[in-house]
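Asker: So TrEMBL lists the following for this protein:
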- A:12-30: transmembrane segment (TRANSMEM)
- A:50-69: transmembrane segment (TRANSMEM)
- A:78-281: domain 'ABC transmembrane type-1' (DOMAIN)
- A:81-101: transmembrane segment (TRANSMEM)
- A:113-133: transmembrane segment (TRANSMEM)
- A:145-165: transmembrane segment (TRANSMEM)
- A:185-209: transmembrane segment (TRANSMEM)
- A:264-284: transmembrane segment (TRANSMEM)
Amino acid sequence: MASQSRRTPLERIEYILIVSTLLLLTVFTLQPLLNLLALSFTEPSRVAGFSGLSIIPDGFSLEVWSLLLQHPNVQRGLFNSIWMTATSVTIGVLGTALMAWGLSRPGLPGRRFIFIAVLVTIVFEPGIIPDYFLMKRLGLLNTPWAVIMYKVVSAWYLIILVRFFEEIPKELLEAAELDGANPFQTFFLVVLPLAKSALATIALFYLVLHWNEFFRSMIYLNDQTKWPLQVVLRQFVIEGDRVAIVGAANASGNIGAAQINIRALKAGMIFITILPILAIYPLILKFFTKGTMSGALKG
Amino acid sequence: MVAKDGQKVAAVLSDGNVPGSREGLHERVLDKRSGAASAQDWRAKLRQWWPYYAMMAPGLLFFFIWHYVPIWEAKMAFEQVRIIPPNIWVGLKNFQQLFASPIFYQVLANTLIISAMKIAFVFPVPIIVALLLNEIRNGKLRGTIQSAIYLPHFLSWVVIAGVFIALLSPTDGAVGQIQQAMGFGSPSNYLTNPGSIRWVLVISEIWRSAGWDSLLYLAAIFAIDPQLYEAAEIDGASRWQKIWHVTIPGIVPTIATLFILNMGLFLSADLNQVINFQNDVNASTIDILDTYVYRLGLSTGEYALATAAGLFKAVIGMVLIVTSHLVSKRLTGKGVW
């Protein structure tokens, strides 16, 4: 854009003010997270005096992390979160791609009707109670499937994929057709490989959605052993159920548990929960940013 | 995007029959006259399209079961639920009971107040952030700031509530410590104070979404014709004059669209957020329609009443969203879908 060749002193001051405002916002965003991360590594004896403003651990200890990672509730939560998310994402990506492929074919009888039926689900959600009775009727109460199957095909992501599939050059499909491919072969051997980047984007969307899901797990899973990490975190941090973490840790023969400050444990627990998000954050940035920049609110 | 499929060439993968083309359409209309021909046409179509329906089947089944069966279940709002079925049809009695209860109005008021506060205080922040970000010419610096402020958007509300509980802790939270250092007295517990908890909702919403939402406005700013800036520069416009006369007019349509769409969500004050910040002490001020339905239904077992409240929210919400979509489409050419 416009070059900034001639800078008056006033413009320099303005620029410094702009940068400082944004840096302040960055600090406001990151400081609370970095503080908790530092807290989780702080020497247990010094946790009590650890300031909420500091972002450097006071001493260094892995005790909180090793305690949490050995804790049966956390291990189970981690295991449940991983398999439930993996299952939802796999079913979701495959189901969405298959449905989007059909919907993207011009001339498919009933295409318009299906489209409208899908759009209706975006604007009308009947609510928690009918959903609860549906799960009850399907016999899914207290099973992970009540959680896994939620938004397994999301209307938004479906529409994104339909748009993508509509852009695939028809010559490629005709070529496959001439080579004798049936529609299934065309889809799996030609379309899916072409749609790799779109599928990766959708997979990331679903990954974030399902990893962060807690409400359904909270209402549908009574059995603690089935809880994903978010619900374990919620019980401990939001509901302040100390017994849940410390008590079980003591019972499991981990003597250090009682001495460890609850604050540090909570901080570590928060970080275990967001670790996967942080690990794939560069990927998230790349795909989400591109998707939002190009596809924002076109309609 | 739905309507133009007829024109798109449907020769793809077809075996001679071209269902989407004008000829195909014409034939089909003619075929309606004779039953036999139409049945044949139908069979040919099925032979051509069944693989696609087979591929769509899991998704269609999912949509039907997960989104349409609950609509049928929602008829409970008009029934008296009995332990031993069948339920008895009572018409609008549940709604009358709902509208007669003072708690319902308190909850409705809370929902509207929280939504209004969010529109007034959360909505402008990403616009300002985008305008500021756009002024930074150093790509690396801008990229770093962006990747930092986008992060909270991808965290769950459980995590964010956990972060804010630590942040606002009266004994060792950052907010309290700053407050003390600056001599504003000892910190109170903002999370259990009914007077301040709504502000906690507003600020945590800003923390979560201000960065990410600025991306939409930034995209709009990047779409502005650079020549406009060059012309302004030649005319000797200052930084503020350029922002005021070029950038802001350029993003007004985006602002308008997002504002209208936000209005469509007026009855959803974000269940996932509120449920994590809610406690026994602050419930009176942040109990919203969704948490009310949840409590009424799943904790108290007032299924019919809760369904009625949920349906009230769903219907009004749907009207608001569709209206805001249509208004947005009319005014700016952009909508929700």
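A Cβ is built for glycine as well, from the same backbone N, Cα and C atoms used for every other residue.
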Asker: Near the transmembrane segment (A:113-133), which residues from the same chain, at least 6 beyond its ends, have a CB less than 8 A from one of its CBs?
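Answerer: Distal contacts: 103, 155-156, 158-159, 219.
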Asker: Does the transmembrane segment (A:50-69) come close to the transmembrane segment (A:264-284), meaning at least 3 CB pairs under 8 Å for residues 6 or more apart?
Answerer: yes
Asker: Are there residues at least 6 beyond the ends of the transmembrane segment (A:81-101) whose Cβ is under 8 Å from a Cβ of it, and what are they?
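Answerer: Same-chain contacts beyond the ends: 144, 147-154, 157-158, 161-162, 164-165, 187, 191-192, 195, 199, 202-203, 206-207, 210-211, 228-230.
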